[in-house]
There are 2 protein chains.
Amino acid sequence: MDDPVLLTGAGGRVGRAILAGIGEAYDWRLLDREPLAAERLPAGVTTEDVVVADVTDEEAVRRAVDGVGAVVHLAGDPRPNAPWDSVLANNIDGTRTVLAAAVDAGVDRFVFASSNHAVGAYETEDRTPDMYRKDDEFRLNGSELPRPSNLYGVSKATGETLGRYYHDHHDLSVACVRIGNLTKGHPPREYERGQAMWLSHRDCAHLFDRCLAADYEYEIVYGISDNDRKYYSIERAREALGYDPQDNSAAYTFGGEPKEEAEPDSA
Amino acid sequence: MDDPVLLTGAGGRVGRAILAGIGEAYDWRLLDREPLAAERLPAGVTTEDVVVADVTDEEAVRRAVDGVGAVVHLAGDPRPNAPWDSVLANNIDGTRTVLAAAVDAGVDRFVFASSNHAVGAYETEDRTPDMYRKDDEFRLNGSELPRPSNLYGVSKATGETLGRYYHDHHDLSVACVRIGNLTKGHPPREYERGQAMWLSHRDCAHLFDRCLAADYEYEIVYGISDNDRKYYSIERAREALGYDPQDNSAAYTFGGEPKEEAEPDSA
């Protein structure tokens, strides 16, 4: 990709994982509602490449997408327990604002940070905790209808549907990544569910790299490492995007000694 | 159902079809943003049973759901080309307002008017016009992900997802009816697509009657008559709800003489 890539929500946990892994592989434009510390910017990115704006500010978003070839849209209220008014404005209306501006600017590709919370209610009392364990065969693969855990999850499912609409009606490739449990260093301990949907920082950056490089139309994929425990299939991410994860929560749970504390995230 | 049924958007086309068919079968409370003409009210319904309010008015909605056993939620901007700000406020936020008020009031059942526009982009150039014809076997059955025709369709898909969330987290049965092409009298002429998704007034009233009477958890069904031409399956409506449609657009297209002009609707 020769044109710059706009990364919204660049200062959040997912944005930092992406920039730490592939910060030097693209020409970034970064957007966040808070200023980003200069020492956190990847090599080659200066404060001139940073737009401080809210994604609900249509004019600012239109300026931010001008001239970019792709958008990685992470911005939004990341709290699973966020109230409706916040996810309605920041996540639903905000995502629509970025999508509409992107297609108007002729952007080719839109990568959307969806969430495991879009499908959390598949984790029924009947299925849990068995579904979190290695021998259980239950899998979600991205073709299932949403069953949100919370209103945040509703907003993420709506972002996926908005992406589908803009893909079908405009020349825009859209990848929606239902991000699992992103933690730095090692998977959560004593938390089977988090181990089953663990996404390492390395695999996260690689997955978004593939979303920026692969050829596809519209995809919904799960963003988890290649964990022994899993109830999200990563087959579609492998096939459609060439995702090739290197990490597995089992290596930590049953083996190596963690070097640093997990930094939990529930994007 | 002994408790009253709240019908929102009662003055719209779908509401009028329902009240014309099953207006005397339930104890109705009617809500509309416009006053309803007294002569249009079903027998037994007085202007005291009519609430004139917008579904985005949370206090009015809370008063309207108080004491009802079920809600049939039709209200919203019905225009397929409605602008985003209107469907965001009236259809997405409005539906969430009614759902939240309903669960807080202990309502058991919520019937949601979704739309064919939630899935209109399955009608691709490759599939059309073949999919509109009798011998074509393509079917949507309600388990597929949304592919909206327009932002109105995005709002209807979001209403379905909100219904899923409130069903999964509260004791609320939810039926989402993806309404086809509702016309009074006879199906559209010279419009294959409209004939394939035709819903007669009689079948519409019967389908909503079944949504108020059957036992179910969460359902997405298609609301069309038993047309020879079809690309929406009505099997799930038959199985889950006991839907038994009496009309078929083929009877008009190839047979009987229409008695009155079609009144097109694109709910």
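Keep in mind that glycine also has a Cβ here, set from the backbone N, Cα and C atoms.
What TrEMBL annotates here:
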type: DOMAIN; residues: A:5-182; note: domain 'NAD-dependent epimerase/dehydratase'
type: BINDING; residues: A:Asn90, A:Ser115, A:Tyr152, A:Lys156; note: NAD(+) binding site
type: ACT_SITE; residues: A:Tyr152; note: active site, proton acceptor
type: REGION; residues: A:245-267; note: region 'Disordered'
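Sequence features, as recorded in TrEMBL, placed on the structure.
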residue  : record              : contacts (Cβ under 8 Å, 6+ apart)
A:Asn90  : NAD(+) binding site : A:Asp54, A:Val55, A:Thr56, A:Ala75, A:Gly76, A:Asp77
A:Tyr152 : NAD(+) binding site : A:Asp77, A:Pro78, A:Arg79, A:Pro80, A:Asn81, A:Ala82, A:Val87, A:Asn91, A:Ser115, A:His117
A:Lys156 : NAD(+) binding site : A:Asn91, A:Ser114, A:Ser115, A:His117, A:Ala118, A:Pro148, A:Arg178
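Classification of A:Ser115 (NAD(+) binding site) by DSSP places it within a strand. Listed binding-site residues: A:Asn90, A:Ser115, A:Tyr152, A:Lys156. Those with a CB under 8 Å from a CB in chain B: none. Mean pLDDT for the domain 'NAD-dependent epimerase/dehydratase' (A:5-182) in the predicted structure: 97. Of all residue pairs in A:Asn90, A:Ser115, A:Tyr152, A:Lys156, the annotated binders of NAD(+), the farthest apart have Cα atoms separated by 15 Å. For A:Ser115 (NAD(+) binding site), other Cβ atoms within 10 Å of its Cβ number 30.
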